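Okay, structure first, notes after.
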Amino acid sequence: MAREKFERNKPHVNIGTIGHVDHGKTTLTAAITNVLAKKGQAQVQNYADIDGAPEERERGITINTAHVEYETEKRHYAHVDCPGHADYVKNMITGAAQMDGAILVCAATDGPMAQTKEHILLAKQVGVPALVVALNKCDMVDDEEIIELVEMEIRELLSSYDFPGDDIPVIQVSGLKAIEGEAEWEAKIDELMDAVDASIPEPEREVDKPFLMAIEDVFSITGRGTVATGRIERGIVKVGEEVEVVGIRDPRKTTVTGVEMFRKLLDEGMAGDNVGLLLRGIQKEDIERGMVLVKPGSITPHTKFEGQVYVLKKEEGGRHTPFFAGYRPQFYIRTTDVTGQITAFTAEDGSNVEMVMPGDNIQMTGELICPVAMEMGMRFAIREGGRTIGAGVVSKIIE
């Protein structure tokens, strides 16, 4: 059969494999491409192709990530797989590879292990909306009761992290046997992908979300007023619409009287556009880099929050020494540095942590000296003297 022309007429969804080391994430990823390739919906990627992922840099942090794409009858998927545990932590916290959902791989031979838990917690903290469980290596377990016990254990674990443990699909698979072409295990990969199609919700497109643009620069045009430039992160803004300026000072409303892109006037700007917005009744000194323009009421300014943070190792250009609660770095949020204080660190089990070492993945409570437009899932960097020493994501807003 001729390979069907690859067309982007299906909804696009970003997913990834997560789970404990050696539970078969990469093998399963290879198995998905092998099985779908037989229907002309993927190109075969073998273990070595995926495992030899090139290094990428995201916000000054080096991350190894493999990107694989394939499609099902219903959707087009971009799938990320990371070779090492630290790569997952960095990837999920920086948002380098945005995930709309994830396949949690757990070996039936081992059951949930330390990183199984850590990845579920990370998925919760960074806002991965949905999970599907692939119970891998089921060909190696003869006793159906053992498989049932492992499934129960995973469901309880998911529920303990506020995922709907009773409802999440758990599919018994064998990545290795599927690659070897055994029909019953190939069928299980199809079953897994059906579950992914059905259980991982289609993401809302950026353009359909409420308008937000982080201000990068401000200048005044004589006789016309003040222009704020930046890249529209999401939504659409039309000439004549009211927007709100949020962050650093008290929020205030203004009307967009013009949208410019590449020196041309437009009726509207949309997600992804780099634009200049002409604002009515605003002086150049009223607004500055670090503020955002938003659909009124869609986002609020805050100073206190909790975040999940990865602290860079010395080899990654991070600090050489640990730091403690009370540490005052800069938080780089969207387009600007804001000074803040880290008031507390919390371990995975909820206990207080005194000292944080380079290379740690930790929950922290932070307080900024001035309010910034903030929401759950927002990414930030922690810097000192212009150098990135950590990456984080807002997991909770306090005030």
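Heads up, the Cβ atoms here are built off N, Cα and C, so glycines get one too.
Source: prediction; values computed, not measured.
As annotated in Swiss-Prot, region 'G4' covers the listed stretch 136-139 rather than the other ranges in 108-111, 136-139, 232-235. Per Swiss-Prot, the listed range annotated as region 'G3' is 81-84 (candidates: 81-84, 285-288, 305-308). According to Swiss-Prot, the feature region 'G1' maps to residues 19-26, out of the candidate ranges 19-26, 51-58, 203-210.
Region 'G2' is the annotation Swiss-Prot gives to one range among 60-64, 125-129, 270-274, 365-369, and that range is 60-64.
When the alpha carbons of C138 (GTP binding site) and T26 (Mg(2+) binding site) are compared, the span between them is 16 angstrom. Most Cβ pairs under 8 A with the region 'G4' (136-139) among the ranges 19-26, 60-64, 81-84 are made by 19-26. With respect to T26 (Mg(2+) binding site), the closest of these binding-site residues in Cα terms is C82, chosen from G19, C82, H85.
Under the three-state DSSP scheme, G19 (GTP binding site) falls in the strand class. For the binding-site residues K25, H85, counting C-beta atoms within 10 A of each C-beta gives the highest total at K25.
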